[in-house]
Structure formats: structure tokens, C-alpha cells
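Peer 1: So Swiss-Prot has the following annotated:
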- 3-474: domain 'UvrD-like helicase ATP-binding' (DOMAIN)
- A24, A25, A26, G27, S28, G29, K30, T31: ATP binding site (BINDING)
- 518-809: domain 'UvrD-like helicase C-terminal' (DOMAIN)
- 533-555: region 'Disordered' (REGION)
Amino acid sequence: MGTKWTEEQKQAITTRGSNLLVAAAAGSGKTAVLVERIINLITDEENPVDIDRLLVVTFTNAAASEMRERIAEALIAILDQNPEDKRLANQLTLLNKATITTIHSFCLEVVRNNFFLLDLDPNFRIGDDTETLLLQLEASEELFEEMYAKEDKDKEGFLTLVESYGGTKDDQDLQDILLRLYGFVRSLPWPEKWLKDVINTFRVEDNFKFETSKWAEVILDSLKVEISGILNTMLVAVDKLKNEAGLEGYFHAFQREAYEIEQLLQYDNWNEFKNHIQAIEFERLPNAGKDANKNVKEEVSNIRKKVKDKIKEIKEKFFSDSVEEIKDEIKALYPIMEALADLILLFDKKYKEKKREKGIIDFNDIEHFALQILTEIDEEGAVNPSEVALHYREKFEEIFVDEYQDSNLIQEEILSIIARENPPNRFMVGDVKQSIYRFRQANPYIFFEKYNSYSLDTGEKNQKILLYKNFRSRIEVIEAINYIFKKIMSKNIGEVNYTEEEKLNYGAEYEIPPEDSVTGGAVELHLIEKQKVEEEVEEKEEEKNEEKDFEEEEEDLIDDIQVEARVVAERIKQLFSQNFMVYDKNIKSYRVVDYRDIVVLLRATDRWAPVFLEELTQAGIPAFADTGTGYFDTTEIKTIISLLQVIDNPMQDIPLLAVLRSPIFSFTEEELIDLRLEDMEKTIYEAIKKASQREDELGEKAKNFLDTLKKWQEKAVYMPVDEFLWYLYKDTGYYSYVAAMPQGVQRQANLRILFERAKQYEETSFKGLFNFINFINRLKVSSGDMGSAKIVGENENVVRIMSIHKSKGLEFPVVIVAGLGKQFNTKDLYQKILYHHFLGLGPEFVDFRRRISYPSIVKEAIKYKIKLEGLSEEMRVLYVALTRAKEKLILVGSARDIKKNVRKWANAAILQEKVSEYDILNGKSYMDWIGAAVIRHKDLEPLREFAGVSLSEEEDASKWEVKLWNKKDVLLEKEKNDKVDVVERLRSLDLDAHYSEFYKEVERRLNYVYPYEKACYLPAKLSVTEVKRILNAEVVDEDTTSIFEREVLKTPIFLEKKKGLTAAEKGIAMHLVMQKLDLDKDLSLEGIKEQIKDMVDREILTEEQAKEVNIHKIEGFFKTSLGERMLSSKNVKREVPFHIKLSSREIYKDLPEEYENEFIQVQGIIDCFFEEEDGLVLIDYKTDYVQEGKVEEIKERYKVQIELYSKALENITGKKVKEKYIYLFFNGNILEY
């Protein structure tokens, strides 16, 4: 029985004589339609087409192979019915040489068949990414050296580029800009023409009108989105004022101001918009009545103030300069942009020479060479098909393009030039909602242009057909996807209006499941609350952890990922425990879910996938993660790279500590602390040299390290890097060592890959260890991660963990999309020079002589456009993720404060059917979008109730189930599960009597209680604050609060990004200033103010931090007798870290005597101490507010902490601490101990 095609599918299969654009939604059977159309052409009784007369272009090699297989299967099926049909049998033979391929492979065929037209060596090969990156680095180094050596006007322009964009220390930033821009330009069909046209946009003539430029148009669009957000916020305030007694005057004033703001949305002209916004004034509000609600008055007044500030900011940022001044700014950018374009062209020439010498081409060359072969440029600059292109036009009866939404401009140019014009013969199929390869320069506007211009009418030369019936997913999945995207996807963000025409229509046929079975069900939303903000503030304030290092931040992130992974693992186990069933088309029946039916999708897999893999595996769930990343994060590679860095320069503390701690030298943690205490002012390397003079075991280890390092440094001078690297593997024994580690085979393979990279490096003109380390660092950034070896096959019965991008084109019965709270990556917006295929170059305006820089108005326009396109892509990525699900969709995400987030989502959904573009633009994660879209749904009432949000309920066919998780509870639950009684498990087994004695022995051993069990639970390390908490457990912390009161009034959503500093951050700023002040300079109010300004200039403080520092209180300290004594001392130390060893019984008083020799490392930071003739004076600063009459209680509370500081200080210095003080900034009190 043949396939039942819908009318739209039949139309796509049978229509002839037109260019056809098939807009095919997820799960609409587009591949089946494409294959059927090919079969239909081959078997057409009147005008049959041989398979080798068709060009079928797919996005990946895998897709090409699948297409070829499907065509073969279809042909064989027809041959079974018509075994005598020789022509059909011949098609199977022709299929092997049919052009069913990727665009790159097709272009490569064009180049190989016509190499003589390019003066190209026929034996050329394609260089891999590493090889071509090395050549690019080599070419850029040589080019820069040549430019520095020049003595003409080109050098002047180049030096201006270096001064403006080169960076503070060297020209590395400019090299990065050059390589990044070159990569972008090479993705365009005509790079040189694009550069020339772009540079000419800066060559403004006297008649240039900025107000009608494309840049002004984009900025106006962005401002209208901003204004709409401001307007919505004002309307919320207006709504709150309705029927408020005593605030009638406020109500009318707010209405009037909201109306003035609303009028801005009607202007499409720069000058009209400018005139209106400059005319907006916020007059003094009338007095409120005596019966006015003070809370409402305060809330709306605060909203109005924020709106005023925002309008003022827009005026100053965009409309403080006249259009003439803007024109002068653009004109001033012309010479430097021209110099940049010239540099790109010179680099292109040099890079081509390098490739020619090596006999290689890169992937971009393939497409450009093909375009060069297929086109001829006439005298007027028009592009015409060459003879080769005309040959292909004659050869191919029809050109098929799959995944058309992912085409880029050069690919479109190539396919257009070989396509026929009369009759048209292009068949393009794709879904613009699934265009997710912008980072590869895929351009969805190519699809849009045709989608908007092609007709739905049959018989037209250019026709479009819409396939929006989804044959993949259950109705619950489809309804939920439609509900989300009708709320958030628009023409501006997502670049598609998610209308009735675009939405998914249910087309799958799922049989009725067995009675009492668990199938399908509501879409699940799992929200995990991470550690609350208040807890974080308390910890930061008390522990003064203002210099939280990178490793700690990494640990926090890993913790958050672990929690999500554990929630996912728990849900997967529940699916199996409840015998969740899926429909299997192969057996035409329901069956219990398998692991292979489940996929976990992540936006980024580099840090996330390894954690998910480990957690699922520990939970007994077989899993597979083909991340393609993680190479540089593996222990063995990090260790060896650290070792190379140390051999090159041992003065680097972090790599040196990594090497010392590694199995290569095996220093213990205690020994490293001992080393640090040798001399707190010197580097670790200098401390090792000092320690090598000792006669103890540490001295021996230090001497061995220095001798070994010297030996390696001598060999590194004359040995090639690859040989030296292999020598290190063998001399350290590390290559053999990793083989004995878990996944040892893979680890050795990773080390061999590094060796291969070293061999490639040695083939260039670069030499030496220093340059190799730089190359590896550039490889991390420029080429991404290299990926580590695979061990488990993805075809096994495992849960797959993969990126959303890799899942495209696939489908799974159960889809779990995790990491939805992860913030969007916006780093592209902060480059010094932005670029856009339509808007050109957007540079920072730099006056290096005056040392000032700011974003040019051109950059502001491009920045907004890139942000818009980036978020549109993120929305399409989310769409791809959700549409992978066939039967069950589970969404998982974390948030710092769920109640706060729910209130934010409610504000975004409160005034309109669709979430506003402003709120979408200001969403920080997928969770923000999903939350705002679904928060009004009737099924989310429990979540609204939890957050105390009152919102009108919305009816919708979609079904939702919300589950809240707490990070702490998830971690505790995991620990509890890990401690399940093994003996109880043994008891549940049906053991033969034969094994009873053996069983008893097992039980005895498993029930053995270690006599020093408490020692197993003692921490190895505690902070001073933690010790204080343990020893002061009976003290109730209610007498101190922060000086810096946190704002409790609700802030409008559009201003949430400007929250101001938290209480902890303000205290941190005070400590930082006290640490960095130059005590030899003027410490008057003006002097302190000047030093703080200098700290901002040197980026020690941010401007926001500087504003929060109370210079009067700092001056007040230095006017005290204690402050004056400190200034008189010749030896003042500030922010001194320390470690001391305490007996566990000093901290845990209830431990018995046998624990006397169990030690705990205590660590902390001493704010300040200074030396006088008869000893040391210790000072600890506090920024707490102390309630009246509670000073003595505060003094008592911090007694333990001060004693520990004193003890540590005496251990470190060997000198007596004669006096100990706490200084309270709030009231200037000095507490002496």
C-alpha cells in the first residue's frame, strides 16, 4: 500500500516548470517528498529523467548518503513490481555516479574538473583546520613585520590601526580582528567588491544625509522597541493608579506622559523622532491627597523616575549630536577603515602565496574557485554564466536543494548561476524556523526573500508550497510548541511571524495505547532553584570573598549543572519505574521505553555534557555523549600544557602549581602551603628555590624539581617541539601513567593528537616552545575544541546526550531539553569592530592620542542588528530542540530566584496577547522566553500562587505540568541515595542455604563500624568564618545588618539590568579601596577621591563601585589615632591570605581525646596589620550597621575570628601581635581585644 500524500505534498511532488520553494515545517515529511519527487521524475512516462541528470544538494554527507539509500530502496521496490523494466534497472547503475552531494563536494568536483582555468596545481589537497590556521598565523606575523618596516603612507595608516585596535601591550588584538574579519569576508561571493563598497560608505559627501541612511533606520527600529518597553512600564503604573483615592493628579499626569511616549512609535523619520523625544518633559507631579496609598505612590514614583532616566539616557546617547556632527564622525572613520581594508587584501595575497607553496587550498577556496570557474564578469561589472556554467545548465534537468534555509550567499550565487531560467528548474526545500547555522554564515534572508516574493498560486514561474502538517509528534507536544512560539516568535525576533499559516498541524497517527499504560502526557517544566541571592550576599559579606577565583566559579557552575543532571537522571528512572510506553512503528505496537528512545539536548555541550554523562552513569543509566569538545579540558592535556608553560617560563604560579600537584612531581597540598609560607611576597618558583636549601623531604623534592626543570629547559632550546614533547612523555613516564587511569586508551590518544599538532607546527616557519604555546592558545579560540576520542558507540542502547545543533533532522520518542536557564552568549556584541553583510563595518571610535574611545553611531546600529539576528537564531535553536520530540517533551532549567523570575515573566505577559519584543530582547535565557510565554496558562496556577502573582488565566489546548526543585534538596537526596544499605539489598536476594555462612561473613564485614568514624567526616579545610560559626553557634545573628540597605521596591523589568550594587558588593568595594590606597599620598577627601578615580582608570574598580565608596568614612579612619599609627608605620601589610593548622578538638569541642592529632587547615584573609617597635598591630574592618547598645555583643561575636587571625599572624611572621582591633566604618568605633 502506497504512502498517503496530503494535497500539498502531492503538489510538491508533481508540479513542473517552476522554481519551487517548499516551506516544510518540522516533521512534515520533507525528505520523503523530495525523494518521491525524484522518483516521480525518473519514472515519468512522458518525460523521464535519468538520475544522473539531477543535482541533489544536501547539507551534510550523512544526509547525502541517506538520500541515496532512500532513492535506491524506492527504485528497488518499483523494480520488484516491474522486473523487466531495463531503463529502471539502469537507474540503479546510474545512481552510483549521480550528483547527490553536499555543496562543498559539488564545488570540489567543479574545481578538479577545471583546475586548468585557475592556474591551480592538479595535485592540490585540502588543508585541515589546524594546518590552515598555522598558515594564517604565519602570514599575519610576516605581514605585520613588513608593515612595521615600511616607510610610506601605508605605514602611517597601519600604525594608526595598531594604536587604535591593537591592544594595550602588543598588536595581538589587531591580528585577531584581521583573522576574524578575513574569515567573514571570505564567506561572501565577492569579498573585494564588498570591502570596497563598505569602505565607500564612510567616504561621505556633502550631500550625505545620515537621517535617511540604513544605519539611522536600524537605530530607529531599536529605539522603538526600547520605547515600547518603557511605554508598557508606564502603562503598568497608570493601571495601578486607576481608582486610587488621593492620587487622581498622579493618574492624569502619568496618562499624559504615557501618551507623549507612545507618540514616538509613529515616527519613521530621524529628525521627527529626535524633535519629539527632546520635547518630552516630566513636570513636577501634583501633591498627593492625604488619603493616598503611600505604597502605591512610592511604587509608581519609582517607576516614573526610572522611565525619566531611560528617556534622558536615549537623548544623550543618540540625539546629543547634530546630524552634521554624526556625519563628521563617520567621515573621520574613513582613513582607518580604508587602512583596515587594505590590510585584509594584503593578508589575502600573502595567505594565498603560503597555500600555493604548500599545494593546499582551504574550504573557502573550494567555493570561491568554483564561483570563479562558473562566472564571467563583463566590462560593466555584471556577472554572467561561463561556458562551464552553461554546460551544467544543459546537464541538470533539475536542481534540488535540501535544508535551503542554511544556504549562504556564495552558495546561492553558485546554484543560481547553473540554474535554468526558462523553464526554471530549482526545487528548494527547508524550514526557515530551523535556520540555526548563522555562525557558519548561513543566511536565512535568502529563504525569506523567496518566501515573500514567491506565489502560492499554481502555474507561476516562482511558486511556494507550504507543508505544515506534522507527522512526528503527539498532539500534546504540538500544542505546547505552538503555544510557546505564537507568543514569542515574530518577524523581528525569530524572523518569522508564527501565524496560523506557520504553526504545526497535527498529522501523526498514534494508536490507542493499552489500558492503564503510561504514554505521552503533558509537557513537563522542571524549575530548579539555585542558591538564593540572600544566602550568597550573607556568605560574601561574612567571608569577604571578593576575590573568588576562577576555579571556585567553575566549581559553582559544575554544581549547578550536576543538580540539573540529577533531576534529569531521576526523571529518566521514573520513566522506567512507571513502565512508560512508546509507539514503535516497526512493530506497529506499543512497547516499554528503551534508553535509546531518550535524548538529552543541550545548547552547549563543552562543560555540560561530561557532567550529565557522569551523573547519568552514576545513576545506573547507560549514556553516550559525542561532544566533539572537551579536548583542552582533559586532565592529561591541561597537565602537559601547564608543563610546557613552566618549562618556557617558570615564573607563572598557576601552571607551576598544576605541575607540582600532578603525578609528575606529586607535591602534597600541605607541602604547597609550606612552600607558599616560605615567602608570601615572592613567586612560587622563587619559593621553591628557597625551599631547596632545606634539609627535609620538602627540600629534596624542591631540589629534584629544579634539577629536572633545568635539564628540560636545556633540551627545549635545541630539540624540535614535536621531538621534545615526545621526550617529555617518556622522561616523565606520564604517557604510561595515563594508560593506567580510567579511560586510559583515550587519554593516550589525546596525548598523541597533541604530538601531531606539534609536528604540524614544526612544518611552519614558527619555532620554539613559546610560539607553540601561543599557537595552542590560538587554536582553542580560533578553531574551537578538537574533541577527544570516542569510547562508546551511539548505536548502543544508551541515552544520548547531544547538542541541539547535532539533533537537527533527528527525532526521539522522549526529548529532555536541559540547561534552559543558561544565559545567552552575547560576546560577539563586544568586539572592537563589528561587521554585518548588509550594514558593513561598525568600528569603535578611537582617539588614541587623547586615550578615549566609544562606540560609533555606526557600531551602535550594527550592534543592535547583530543582537537581533543572534536572538532570532537562538529562538530558532529552541524551536529545533522542542520539535525533536515525538511522544514526551520534558523541559529543565535553573534560576537563581524562582519567585523573582516568575514575577518578571508575569510582567512580560501582563499587557498583551504576545510577549513584547522588548521583553524578548531583554530575556537572558530560553527559560525567560518559555516562562513569559506560558505563565498565564491555567496549568501554571500553582507556580503563580507560589510566587504570589495575580494574573488573568488563559485557556489553551496545551497541557503543562510544573515541578519545582531546590538545589540543596537535590544534592542531599543524592547523598541519601548513595548511602542505601547494601545489607538490605543482600537480604532481598533469594540466597540458597549453601551460601548462608558466606552471607553472614559478608554481613559482618559490611556492618563493621570503624572506631574513628568521626574522623572520616571531619573537613580537611575550613574558612575562618566557618570556624567562627561553629564556635559561636549559640550566638543569634540578628544584631547586625548591612549599612547598604537593599532596595525592596519592585524595579520595572526594563531597568532590571541596572540593579546597582548589592550590599556585599558595596562592602567589597570599601575593602578593595582600603587595600589599594597608596598610603604615601594625600589622604584628604580630595586625595582619596583622586586615588579612587585612578583605580577606575586602571580598571581596579568599576565606576559603579567607585560611586558607592564612602570617602568620608575612609578619611575618618585615617584621622583616628589607630589610622595615624598605621600611616606612621614603615611596614604595613594589607589583605594577607593565610593557612594555619589547628587540632580538630580546638574547633569541635565535643570530640574525645583520641582526635587530638587530627588536624584541619584553616584559611582566611587578614585585612591589615602594621609593625611598631614592640610588635604587630592587627586591624579588621567591618562595614556592618550595629544596633544601638549592641557593640559589646558584636565584639564578643568576632572574638574567635580575631584570635585566629592573631595566631596565624604570629605563625607567619614569628613576631608577637601586641594589639588587636576591629574598626566599624558605620560609626567610627574602634573595638580593642
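Using N, Cα and C of the backbone, Cβ positions are placed for all residues, glycine too.
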Peer 1: Including all protein chains shown, what's the count of other C-beta atoms within 10 A of the C-beta of G29 (ATP binding site)?
Peer 2: 22
Peer 1: Find the average pLDDT over the domain 'UvrD-like helicase ATP-binding' (3-474) in the predicted model and report it.
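Peer 2: Computed over the domain 'UvrD-like helicase ATP-binding' (3-474), the mean pLDDT is 93 on the 0 to 100 scale.
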Peer 1: By a simple count of other Cβ atoms within 10 Å, which of S28, T31, the binding-site residues in the record, is least packed?
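Peer 2: Among the binding-site residues S28, T31, the sparsest Cβ neighbourhood within 10 Å belongs to T31.
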Peer 1: Under 8 Å Cβ-Cβ from A24 (ATP binding site), six or more apart in the same chain: what's there?
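Peer 2: Expected: K30, V33, V429, G430, D431, L467.
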Peer 1: Mind giving me a neighbour count for K30 (ATP binding site)? Other Cβ atoms within 10 Å of its Cβ, every protein chain shown.
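Peer 2: So the number of other Cβ atoms within 10 Å of K30 (ATP binding site) is 22.
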Peer 1: Let me know how many other Cβ atoms fall within 10 Å of the Cβ of A25 (ATP binding site).
Peer 2: 23
Peer 1: I want to verify one value. Collapsing DSSP to three states, which class is A25 (ATP binding site)?
Peer 2: coil
Peer 1: Other residues with Cβ within 8 Å of the Cβ centroid of A24, A25, A26, G27, S28, G29, K30, T31 at the ATP site?
Peer 2: V33, D431, L467, N470, F471, R472
Peer 1: What kind of secondary structure is T31 (ATP binding site) part of, going by DSSP in three states?
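Peer 2: Assignment for T31 (ATP binding site) reads helix.
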Peer 1: Taking the Cβ of G27 (ATP binding site) as centre, how many other Cβ atoms lie within 10 Å?
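Peer 2: 24, counting other Cβ atoms within 10 Å of G27 (ATP binding site).
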Peer 1: In sequence order, which same-chain residues at least six apart have a C-beta under 8 angstroms from A26 (ATP binding site)?
Peer 2: D431, K433, Q434, N470, R472, L504, Y879, V880, T883
